[in-house]
Amino acid sequence: MSYVGHLVKSFTLWEFVKAHALTLKYFFKPKATINYPFEKNPLSPRFRGEHALRRYPNGEERCIACKLCEAVCPAQAITIEAEPRDDGSRRTTRYDIDMTKCIYCGFCQEACPVDAIVEGPNFEYATETREELLYDKAKLLANGDKWERAIAANLAADAPYR
């Protein structure tokens, strides 16, 4: 750049003008931010949130105590104990997830042959104590009951890719 061109740009504060033009360009566009927590963006069907155990429509638990989720968990956050039932099938007596260890990888959901353990749509589960992040079977089933409609819709939307 010539000395004269540099002098003209410096004298007219060309960079200052360009910066203000860019600011004015975006000033009148619609805002990209949302007013959280009063507004919420839609979540992807593949979103990995709070864990839940699902039930069949007749109310029976889906988990067949195969322990694949426990085996595949890289963080070793899942603990399962099972007993055989009178009809010969197995059901869980204890199903615990330590959410302080969980890395939300989704391997447990992928490994489950009956879609019993899923990661639901809830992402707001901050707690005041560490003990509240140790989910037992009752808490997981309650989550499943609470989010069943959303979970079923997300699994149906994701079905072509599974």
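Placement of Cβ uses the backbone N, Cα and C atoms for every residue, glycine included.
Here Swiss-Prot has CYS63, CYS66, CYS69 binding [4Fe-4S] cluster 1, and the candidate from CYS105, CYS112 in that same listed site is CYS112.
With a cut-off of 8 Å between Cβ atoms, the residues of this chain six or more beyond the domain '4Fe-4S ferredoxin-type 2' (93-122) that come close are 43, 47-54, 61-64, 66, 68-69, 71-83, 130, 133-137, 140, 143-144, 147, 150-151, 154-155.
Per Cα geometry, CYS108 is the residue among the binding-site residues CYS73, CYS102, CYS105, CYS108 nearest to CYS63 ([4Fe-4S] cluster 1 binding site).
Ranked by CA distance from CYS105 ([4Fe-4S] cluster 2 binding site), the binding-site residues CYS66, CYS69, CYS112 have CYS69 at the top as the closest.
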